[in-house]
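Residues or ranges marked as transmembrane segment by TrEMBL: A:6-27, A:74-95, A:107-127, A:148-166, A:178-196, A:236-257, A:263-283, A:295-317.
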Amino acid sequence: MDYLLMFLYAVAVLMVLLGGVTFAILAERKVIGAMQLRPGPNRHGPWGVFQTIADVLKLLLKEDVIPANADKKIFVLAPVLAFAPAFSVMAVLVYSSTVGGADINIGVIYFLGVSSITMLGVLMGGWSSNNKYALFGSIRGVAQMVSYELPLILSIIGVIIMVGSLNLTDIVNYQANMGMWFIVPQFLGFAVYMISSIAELNRSPFDLPEAESELVAGFFTEYSGFRFAMFMLAEYTYAIAIAGLATTLFLGGWLGPAFLPEIVWFMLKVVAVMFIWFWLTATLPRARVDQLMNFGWKVLIPVALLNIVLTSIYKVWMG
Amino acid sequence: MPELKTETMTLNMGPQHPSTHGVFRLQLKVDGETIKEAIPVMGYLHRGSEKLAERFLYSQFIPYTDRLDYLNAMTNNYVYCAAIEELLEWEVPERAEYLRVITMELNRIASHLVWWGTYLLDIGAMSPFLYAFRDRETILDRLNEISGARMTFNYHRIGGVKWDAPDGWIEKVQETVKELYENIQEFDTLVTGNEVFRARTIGVGKLSKDQVINWGLSGPIARGSGIPIDLRKTEPYSIYDRFDFDIPTQEDGDVFARYKVRIEEMFQSLRIIEQACAQIPEGDIITKKGKRLMMIKPPAGEVYKRAEASKGEIGVYAISNGKNKPYRIKLRRPSFVNVSILQHMLVGESIQNLVAIFGSLDVVLGEVDA
């Protein structure tokens, strides 16, 4: 019975997620389009709502091409390996005080640990394609994700010190008791989290692994059809997961005035975080690899460490 | 610990790479992301324009000049026509000269806008491209109204221009100029100060004055390295000596300096158009003799005429043997000369800087390959 429930929950999350990703892609195109003086997709259905569905259908109907010199097994495995961890982390997210996945006491660590596996998919995809641009893309991608994983984790530690628990429900409840969201007392942590999450997701201005003007399409240059769709799905799933974590940790999760249901507040906050990413995509040029590394190691990590020190002092002071 | 075994990799960039702006190809030898050697391969767009000129009437070659630097076709038209006019020793009517200047400067702005948009696209910002093309579109509309074409104008004629300005066109141009002032100002404030953009461009792709002179570079590249050479000022052709404008220069010689020169040049072009629109007289637009295309027969002799295109100095060297077809036409294409330094600039740079540097040279492949 338990297993059946688990299975049903997973299917439900997957369905919601697929819908979410579909509309995240549409929203991104619409938002960026509006910022760029163009309407964005508007052919399929009212306001272009079926555009992504049509795109996915097209991708599914395409021939499944595996390059002749590719390492076939790894090539096939890579998109799965990129998607699976991005989806697995959804298991610990809590969407409201009643709706949530596994209520485990190491929620944050599980999230960060599992999400790191995504970069294996990136590396394998780039390596097995036997394409030089893809290789460059994956090397850049992995270097970047490894470097930015650290500030991302460090930025969260402040919150964990304050709460004294790794459980995501506890973190939200603490914010409810405190009467404010962590974005205020942990602003440094929030800033570092937002910046490193952009790098973690390979979004502009840190979209080096898929820099179109340099590397054609980065690590998934050789991918087409549904494997390509899988990579896109992984990317947006991961984006939603990271936005969900940001919401839980810094924006008070499902907390909000009672006129809307808790789960709606959670979703609104996720949308707001994603909107910031879309906005940046439309605004900024791309950073350079060395600048990216410098910024990560010499600015973000020290700032995150400073945040930990300040939080610790506060915690000891206040008892 | 044993020495790590490394090897250089050959990376073929182009001719179908998104940031080579057409069909340019680079063979790169890279160590990691550092370029050890770059070998440019050109000629994918070669059409033998110079040779073709020998089998056409003088007037028939004008459309071919459109297709050299297709983003700045007006100046190409002009320099060819002016060269033949010099051979013929013809005078061009006042009004025609004014129309030529207005169209050339409008086209220069359009060309710089394309550069501005695509350059930012190259270094990863997508939005500026669409804004630049919006304003380029208004310029192309104006040029379309006067010449009947958006890019390959075929508008200048030996002895004048083909069409007179339609009713109200000058006023429309004045309005466009006002709009452009505001919009380009906006572009400047939005992008020039951007921290990521500055980090990508300042100090990248430096060119010293000596390098510029030794390689014969011209246009915004030379002015970006502190050489105030602009043929409109230093060797005024057409009626440029009647207008009040400056030659923007920058001392640094890096990618950012070239960027600033081009932005500033757009404002100067707007100033020229404003003055030209205010001064333009009524009158003929082409000399009587110029209308009889078959009869254009320059006396035997040779001429070299040069002008300031948006990319640099464009020159036409023409030899006539007294017949109605040229004996030889040689084109000095600024993009071709400017791109020659690329392989030396790229050694030791990363692939990301390659895109920034190559973009900053503002090369149009139609002109490189002729």
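The backbone N, Cα and C atoms fix where each Cβ goes, glycine too.
Just so you know, TrEMBL annotations are computer predictions that nobody has curated.
Remote same-chain residues near the transmembrane segment (A:178-196) are listed as 148-149, 151-152, 154-159, 162, 171, 246, 249-252, 255, 273, 276, 296, 300, 303-304, 306-307, 310-311 (criterion: CB distance under 8 Å, separation of at least six residues from the stretch ends). Between the transmembrane segment (A:295-317) and the transmembrane segment (A:148-166), three or more CB pairs separated by 6 or more residues in sequence fall under 8 Å, so the two stretches touch. Using a cut-off of 8 Å between Cβ atoms, the transmembrane segment (A:107-127) and the transmembrane segment (A:236-257) share at least three residue pairs, counting only pairs 6 or more apart in sequence.
Between the transmembrane segment (A:6-27) and the transmembrane segment (A:236-257) there are 3 or more Cβ pairs closer than 8 Å, counting only residues 6 or more apart in sequence, so the two stretches are in contact. Long-range Cβ contacts of the transmembrane segment (A:74-95) within its own chain (Cβ-Cβ under 8 Å, at least 6 residues beyond either end) map to 10, 13-14, 17, 66-67, 101-104, 107, 110-111, 114-118, 120-122, 124-125, 127-129, 168-169, 172, 222-223, 227-228, 230-231, 233-235, 237-238, 240-241, 244-245, 248, 253-254, 262-263, 266-267.
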